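Let me begin by presenting the structure, written as structure tokens, before commenting on it.
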């Protein structure tokens, strides 16, 4: 019991330090690297971890993190949208939203005596994992190397055959690893293809949304106040502020990253209740790609 209390005290102390350092960095240091590190610890470690431990207590560690992330981002959207409609979503509103969410997390820790799980040995040493990671990096390199600003109908017009060969080989080694973390990486590789290949962007809508997000970040409001997309706009601006990452990049990778993190884990554990063959589940998920 003393060991558990000690671990909880350590987590509480780290959480408070992270919250204070993030504020110090936002107001004074303005370090992009430090901001990125602290925001990752805050969002994926504390927010996703605590919400997952509270509302998916009997589930696996990865499932807790995925569900916690969904719930945490939903809360960010809700609070940020309230500030937008009732007042303005300026820098003060962003800081207040951040403090409110941090306060809720700290309340859950103290009130319900919960702490997030941290999975040990996420990656066991396996040559299949090493080979997959090498193929993953090569595939990303090919995508970036073949970026284009031309008006093409499909990203496949710019991507060479070599990419498909590497992707196919990576899928084979992924099936051998039976690793959900790598499955998320594979989903990310799949979802990021169009984002990387279309250097400027695809379609007209993204430019409209980014223009609105830039104005929201600059002015704190958009007039007339829209009823559509404001959850997306406030979330992008909020994440850009605390992660110290440009709005343009957040807007582009937000959906691919969130889909890659949540879909494989939530889908796998949900289907696992009906299908006991884990190998069959992984094969089915890869076929979806």
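Note: Cβ is positioned from N, Cα and C throughout, glycine not excepted.
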Feature transmembrane segment in TrEMBL, mapped to one of the ranges 129-146, 201-218: 129-146
Leading contact stretch, 92-109, 129-146, 158-175, 180-200 vs the transmembrane segment (33-56) - CB distance under 8 Å: 92-109
Maximum Cβ pairs under 8 Å to the transmembrane segment (92-109) - stretch from the list 158-175, 180-200, 227-246: 227-246
